[in-house]
Structure formats: C-alpha cells, structure tokens
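Chemist: Quick paste from Swiss-Prot:
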ACT_SITE  GLU353  active site, proton donor
ACT_SITE  HIS384  active site
ACT_SITE  LYS512  active site
Amino acid sequence: MTNRSQLASWQALEKSATKMKQSHLRDLFAKDDARFSQFSTQIPGLLFDYSKQRIDKDVFTQLIALAKECDISAWREKMFNGEKINITENRAVLHTALRNRAHTPLIVDGENVTELVDNELAKIKLFVEKVRSGKWLGYSGKPVKDVVSIGVGGSNLGPQMATEALKALSDDTLNVHYVSNADGVQIASVLKNIDAETTLFVIASKTFTTSETMTNAKTAVDWFLQTAKDNAAIAKHFVAVSTNLEKTAEFGISNDNVFTMWDWVGGRFSLWSAIGLPIALYAGYDAFEAILEGAYEVDEHFKNAPLEQNIPLIMALLSVWNTSFLGYTSQAILPYDQALHMLPAYLQQGEMESNGKHVNFAGETVPYTTVPIIWGMTGINGQHAFYQCLHQGNVIVPADFIASIKPQVNVDKHHDILLSNFFAQTEALMNGVDEQEITADLTAKGKSQAQIDELLKHKIHQGNRPTTSMLLDSVDAKTVGRLIALYEHKIFCQGIILEICSFDQWGVELGKGLASKIEAELVDERVKYAHDSSTNGLMAYYKQHRTQ
C-alpha cells in the first residue's frame with residue numbers, strides 16, 4: 001500500500017520546499033506586483049488573502065496537483081452523497097445535510113435524511129418560539145428567563161462559540177449559560193445566579209451517559225428539586241438532545257421534549273443540529289436559520305468552485321504545505337473581533353480532534369507530520385501576550401488573521417485602531433526589519449554608533465512569517481455559518497490529503513475508559529486495577545489528603 005509521500009506531486013513539493021526555505025516573502029512581493037490578485041479570492045461576505053504565505057506559482061500548481069492526485073473531488077462527492085467515509089466506524093459524514101437549504105432529498109440507509117432534518121428543525125422552531133414568547137411556563141407558572149446548556153466537547157464548544165459571536169446582536173429575551181467542566185466550581189457559579197422557577201436546562205448527550213455531562217445534569221436536577229420539591233416539575237424545566245429515549249425518560253424528561261441527532265453527525269460538527277438549540281433559544285430561530293444559510297452558501301462554493309479558487313481546499317493545502325513540507329508544527333488563529341474570541345478554542349477541537357492521527361486509511365503509520373497544534377486568542381490581546389515570539393522567536397508559527405469591516409458595535413475610532421493593528425501585524429510578520437532599516441532609524445533618533453551596535457542584533461526581525469488574512473463584511477449570523485463551514489471543509493480536505501480518518505476520535509475514547517476505571521477505585525477501596533508507579537503514587541497522595 002502506498003502512502004501520500006510516494007505520490008509524484010508530493011515528491012515535487014518536497015523539492016520545492018527545499019527551494020522555498022531559501023526564499024523570502026519580501027522578495028516574492030518585490031518580484032510580482034500582481035501577487036495579491038493572484039493569491040486572493042472572494043465569496044459573498046468574505047475576502048480570502050493568502051498572498052503572504054510562502055508559496056509561488058509553481059508551488060501552488062503542485063499543491064493543486066496533489067489535491068487532484070488524492071482524488072479530492074471524488075471524496076467530496078462521497079461525503080455529500082452520504083457514503084460511509086468514516087471508515088473506522090462505518091458511518092456517513094453528513095453535517096452538510098443539516099443545513100441543506102435547497103431541501104433536496106438524500107437517501108441514506110433507506111431513510112430520507114432531508115426529511116428527518118426538516119422535521120427536527122420544525123420541532124426546534126416551534127419550541128424556541130414557545131419559550132422566547134413566554135408561552136412555555138415553568139412549574140410555578142412563570143416564563144423562562146435563563147437557559148443552562150449542559151454538555152461537553154462538541155455539544156458545548158460550538159453552541160457557546162456561536163452564542164458569544166452573536167451576543168452584541170441579540171436581545172435580552174433570555175440569558176444562556178454553558179456548563180461543560182466536571183469541576184463543580186463551574187456549575188456552582190451558574191446555579192447561584194439563577195432561579196429554579198424560571199430556568200430551562202438543556203442536557204446535550206447523544207447517549208445520555210457521557211460522564212461529565214450526566215454528573216452536571218444530576219447536580220442540576222438535585223439543585224432544582226430543592227426548590228420545586230416535585231419530580232413531576234422536571235418535565236417543565238429539562239429538555240434533552242439525545243438518541244436514548246429510555247435514559248431521558250428515566251431522568252424525567254418527556255419524549256416530546258427530546259430533540260434527536262443521528263450517528264452520521266460527529267459532535268464537533270453538530271452545532272447545525274439540535275445541539276445548536278441554545279443558539280436558537282438565545283439569538284432567536286431566525287438567527288439560527290441564518291447560520292445554516294451561511295454554511296449552505298459555503299457548501300455550494302466548496303462543491304462547485306474550481307479547485308484553484310476553492311477556499312476550503314486552499315486552506316487545507318496551505319496547512320499541509322506549512323506542516324508536512326516546511327515543518328511548521330503550530331498554527332495560530334487570531335481573530336481581530338471580540339465576537340470571535342472563542343473561535344480559536346473551537347477550531348482547536350475541530351482540527352486537532354479530527355486530524356490528530358498518525359495512521360492512514362490502511363492503518364499504516366504515516367512518515368509525515370499531520371495536524372499542527374492549533375491555538376490563539378483575540379489579536380490585540382495576543383499582541384501583548386505572545387506576538388513577541390511570532391515576530392522574533394526561532395519557531396515559525398503560520399497564522400490566520402480574521403477581521404470584520406463593519407463592527408457589531410461602532411464606538412468612536414475603536415474599529416479603525418483595531419484594523420490598523422490587523423493590517424500592520426501581517427505586514428510586519430512578512431517584511432520584518434533588517435539591519436539597514438534599524439541603523440537608519442536609530443541614527444535618526446540620535447543614537448551613537450556604540451549604542452547602535454549594542455541594540456542592532458536585538459532589534460532585527462527576520463520576517464518571512466506566513467499568514468493568511470480573512471476580511472469579513474461583518475460578523476452576523478450568516479457570517480458565523482460561513483466561517484465555521486469554511487474551516488469544516490478545510491478539515492475534511494486536510495484529512496483526505498493526509499489520508500487521515502477525520503471523523504473518529506479514539507484518543508478521546510481511551511481517556512474516557514481509563515477515567516471510568518480509576519473513578520471506581522477512588523470511591524471504593526476494594527476496587528483495584530494495575531497502574532504504573534507514578535499513577536499509583538498520585539492516586540495514593542490524592543486519597544490520603546482529600547479528607548484532611
């Protein structure tokens with residue numbers, strides 16, 4: 001079985017990488033006045049500029065050839081058609097069906113997926129309108145004021161990120177709170193600020209057995225019953241997103257108040273489903289629907305745009321180029337928009353849980369680096385935290401810079417100041433500052449030659465740091481949908497090019513299984529499993545000191 005590194009296009013790129021490592025972005029721009037127009041493209045609502053990446057025309061041609069040699073178009077068709085491309089779990093991958101605004105029928109395993117999705121969306125809409133209008137009443141006859149979403153991972157990060165993105169645009173109909181951590185501090189801090197009579201809990205767990213989620217759900221219901229006193233009241237204050245009707249019924253949730261999901265939707269791709277219920281409750285169903293519409297627009301672009309202008313594919317190819325060929329093992333996500341402050345954490349899960357694997361489709365260890373470490377924060381805060389390392393560190397970190405043209409809230413000159421930093425940082429990372437420029441600057445400031453000699457080496461910025469810039473028209477619901485879908489399809493393309501199964505997460509399952517065993521040991525001295533000396537020592541220390 002051959003792996004990707006044996007492809008002709010891969011080997012051509014290896015040679016080009018050796019050559020490109022000797023080139024400087026400053027020189028590439030100087031040689032080509034049309035570089036921006038050649039290496040940028042647009043879709044409605046978004047400009048995508050990758051001209052500050054370390055590529056040239058030859059490299060770009062070779063990257064497109066790699067995509068073709070990996071049959072990216074055929075794999076894309078398989079995904080949209082519902083073929084079971086999640087090969088380790090024998091499942092379709094159909095988060096795109098959740099936002100199929102054309103409502104075209106799609107049959108998978110004898111069921112019309114489109115009809116299932118449309119029915120569930122209608123149920124969500126009805127429920128959301130009932131709660132937001134005040135017609136849904138709690139056990140004491142009062143309407144809902146607060147929503148507490150309890151989930152973890154994909155059941156939490158996506159909805160919370162989208163909610164934060166729309167906070168400045170939403171009304172005050174409902175407050176929403178998110179609980180994901182098994183650390184009791186988080187749920188306790190939420191419960192002390194809400195009223196049991198006016199709170200709705202959304203428990204999101206496909207199996208309704210996820211340890212962290214059910215631990216928090218039990219704490220929530222115990223707290224609720226201290227006030228409500230009657231188990232029958234649970235049905236008016238708890239709803240679920242799950243497929244396990246037996247477990248939800250045991251919990252006290254009416255079947256009518258259980259929203260479903262399907263095994264062809266992975267958690268980290270699920271905010272388009274009923275997992276996004278908290279988004280709709282907070283921002284309104286119309287906003288939730290606009291998120292779906294924005295994502296659908298990108299789905300259509302991804303399906304139909306030529307490979308050379310296909311933004312998700314280009315994003316994936318650049319990531320593979322930077323990671324597997326140029327050797328950059330980290331990537332920063334830097335939104336210059338406070339509304340997108342949770343995007344780095346969301347994409348960290350999306351990319352690293354999807355493509356953080358070391359074997360190919362055939363189970364063979366791959367000889368190249370796969371996914372980079374994804375991290376970041378809002379741009380201005382990052383400038384005063386870690387940009388020093390981006391500019392002068394000896395580890396090069398490619399970065400995605402994201403900003404909006406129109407702010408959600410326009411305050412005096414704030415946005416111009418923000419965007420001036422956005423533009424300046426990518427230019428500085430690309431150009432750097434050389435000895436001649438520094439010497440001229442210090443001389444103009446009246447520094448002596450001795451002072452210049454002392455400072456010179458410390459002030460050199462090599463530049464040549466690759467970045468991509470995305471300019472959004474604005475950050476609204478449709479934009480949020482577009483942006484997330486772009487990265488989702490990037491993840492898919494990256495997985496195909498690297499020959500990685502992007503839709504399982506066996507590393508997550510391993511940790512969950514071990515934690516379950518150790519939990520049993522911590523609560524019952526009679527239970528013993530074999531561990532290494534470090535784990536035994538840590539557990540013994542914990543048990544010795546937890547009651548002191």
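The backbone N, Cα and C atoms fix where each Cβ goes, and this holds for glycine too.
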Chemist: Does DSSP put GLU353 (active site, proton donor) in a helix, in a strand, or in coil?
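Modeler: Once the DSSP labels are grouped into three classes, GLU353 (active site, proton donor) ends up as helix.
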Chemist: Pop the Cα-Cα gap between LYS512 (active site) and HIS384 (active site) into the table, whole Å please.
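Modeler: Per the Cα atoms, HIS384 (active site) and LYS512 (active site) stand 37 Å apart.
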Chemist: Would you mind ranking the active-site residues HIS384, LYS512 by how many other Cβ atoms sit within 10 Å of each Cβ and giving me the lowest?
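Modeler: Selected from the active-site residues HIS384, LYS512 on minimum Cβ neighbours within 10 Å: HIS384.
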Chemist: How many Å lie between the Cα of LYS512 (active site) and the Cα of the residue listed as 'active site, proton donor'?
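Modeler: Cα-Cα distance, LYS512 (active site) to the residue listed as 'active site, proton donor': 14 Å.
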Chemist: For GLU353 (active site, proton donor), list the number of other Cβ atoms lying within 10 Å of its Cβ atom.
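Modeler: Step by step: centre on the Cβ of GLU353 (active site, proton donor), count other Cβ atoms within 10 Å, giving 22.
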